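**Q** Below are the structure tokens for one structure; questions will follow.
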Amino acid sequence: MNIFSVTKTAIIFVTVYFLVTFVLATEPDFYELLGVKRDANNQEIRKAFKKMAVKMHPDKNVDDPDAHEKFLKITRAYEVLKQPETRKHYDVHGDTGSDLNENKHYHSYTYYRDQFGIYDDDPIIVTLSAADYEVNILDDTQAWFVNFYSPQCYHCHELAPTWRRIAKEFQGVIRVAAVNCEDDWSLCYQLSIPSYPSLMFYEKQDSLHEGERFKGPKTFEGIEDFIISKIHYKIEIITEEFWKRNQKNSWLLFFCTTTTECLKSNTQIKLSAALDEIMNIGTILDEKLAGSIYKDYSANPIVYWQKGKDETIQIQTVAGSDFSELMDNILHLLPSPQSVDEKYFKEIKSDLQEGSATPWLLCFYIGSATDLDLQLKRLPSLLSNINIGMVHCAKSLNLCSELHISRYPVWGVLKVGGAFEIHHGRDVLHEIATFARDSVRSMNMRALSPEEYEEIRKEGHTWFIDWFAPWCPPCKKLLPELRRASQHFDKNILQFGTIDCTLHRSLCAREGITAYPTTILYYGSKIERFHGVPNEDGIINFIDDALNSKVLSIDDSTFVQLMRKPPNELWFVDYFVPWCGPCQKLSLQWRKLAKHMADFPEVKIAQIDCVANEALCSAQNVRAYPTLRLYPFDSKGLNSVVMYNGNWELVTLKRWLLYFIPSPVQELREIDFNSKVLNGNYKVPWLIDFFAPWCGHCVHFDSEFRKVAKELEGFVNCGKVDCQAEKALCHSLHIDAYPTVMLYVSPDRRFEINTRNVEEIITKVNLLVDHYEQREEHDEL
């Protein structure tokens, strides 16, 4: 058991804090060395390093005597920042690793120029790593095609122009990616990549090991045909009867009659897949039907057909020689989201604060929004009850600064009530839509600034705050769980907030955030760090336990309750300090223990804050934290005390505590069991709990079985057998699972009770005993 001295730990904490602060202040900042922001993703870091490596390589700077040392520094920066764990450590503690000059080896200039990350500079191809591979390709909304390569492989370089062309031709249809197996050899080994280049296709909803290897010719045509065979698409063959029933919808129509030049089948399929959920797509083969829909169809074989609410028909022609040009022209025909400037943003926020019913999804961008067209035009069909707007941050600089927008594009939701939250996941259509839907329902979750945090602490409001970094994979997984959990709480009782430690680094350092994510419950003057399963249910249970705790909080004014403890009460007390790590870990188990013991009113689970009640703890000679003391039955006040020295697991705590509580259940050794149960001539049946001390379920069931014994007292005898101590007995009775509950109505007749619910056990026992007694009476007659 780890015990911390207050004075010693405080000195160490302050010393370490100042040492870390000094190191962080004096060492070169790795992010600045590479010229990236603190929330940069892996691909941005790789691109930046490659650019710096080509520029600063000693082979290109032979006249600079410091070139070698400079290059080692940027190499060290890249090595630290490319891995989530080392990056997390650096963000909190700085570079505490080996000397920069320890590893003096690096590749040649031509390697960094020609071989390092073949696809790192490509704007369309996504470079994946071991840190983000699984979270990307496990996508139920899009298929992924991944190229596993080695930079030193000739055929990999030979394939590169074809792979770039595939990415361009299928942009918006599938996601095209690459993995550098020289950098991520463990991932390639895990996936059993046999050679380079290897191409792996993942359909929607495929698992990690369900990817299909491409085995055809690695030509553009061969790869294109393979992808087309895998794409799910829907192109209606439109007949006259079909058109009568469906012409109220919007349609992209391909006229493929004998008098028109029909669009290539592959291009039709790609358009259908890319425009899924935006518009319906159909092909018309009948010349008469084609002429009735659009007279000039021969000259313009592709049209966008719309029928308005007032029955007016609008037909717009679509020109283009290939898929990319056709996509651009089609998207230009669709309405663009509304532009939102600083003034309009404040009006929207004011309306939402007053209860306006329609929230907003906003895209913050700079430059041209052309690249966002596909996502922006698709979103309205996925988010029917959410307004969509665009904020140009070059034109609304102050607004974007106030909202801490530090990269582009960024998506954020302005919710009913006025809360604002930023999307930190992938810039992928369906992920953005899922974020928006979850976020608008989570009206009491918002991004917090340092000023807002200070106000929260000053006012003492109840908040559950997540301290995170956007690049951190566990942080990204936790955010959706927090949103869903927040929907279970009234915002007047509890609110949820997030603080981005890449933006607010000094605040996170000051608050002692040493890992991401760190999630803390603040209520009044109390601070409770989250320890539990990081999902919706785990968060809800943690908060419920904390806010509705069965633990008695004792201070100077109420300590008299313990001092006057009567003999018929037992007190189990935790002396703690809020800043102590082990105390924080114990607090969750302590609340669970109190909850488990709630049906024993004579047992009091209590705690004393030794920072707020320093004199009280000093008077009780408490010198280390946490200190657990039990004041047992049959003693008054503080006259008798038992020190707890076990671990802080719930099972161990509960097992130890139950030992001090009198039980109506008889402990039976083998000799007792044989004489009382198997060989006895008894009229009162026996209900036996067969258990093992190491079994956690047995420990928790012990208190439930005591309730059963109390309820059935006089009707049946209740006993328990320790199968670890009585192995031979349990083996002879064929007891091979714990806990096992058996009802013995006679020495040679028993029934297993297959439930652990107190009420159900009592009901079953009553029914079985009554049935047996009635049968006995019948046999006697």
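From the backbone N, Cα and C atoms, a Cβ is placed for every residue, glycine too.
Annotations for this protein, taken from TrEMBL, read as follows:
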- 29-94: domain 'J' (DOMAIN)
- 77-232: domain 'Thioredoxin' (DOMAIN)
- 434-548: domain 'Thioredoxin' (DOMAIN)
- 657-770: domain 'Thioredoxin' (DOMAIN)
**Q** Which residue counts does DSSP yield for the domain 'J' (29-94) in the helix, strand and coil classes, in that order?
**A** 48 helix, 0 strand, 18 coil
**Q** Averaged over the domain 'J' (29-94), what pLDDT does the prediction give?
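**A** Across the domain 'J' (29-94), the average pLDDT comes out at 86.
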**Q** For the domain 'Thioredoxin' (657-770), DSSP counts of helix, strand and coil?
**A** 46 helix, 27 strand, 41 coil
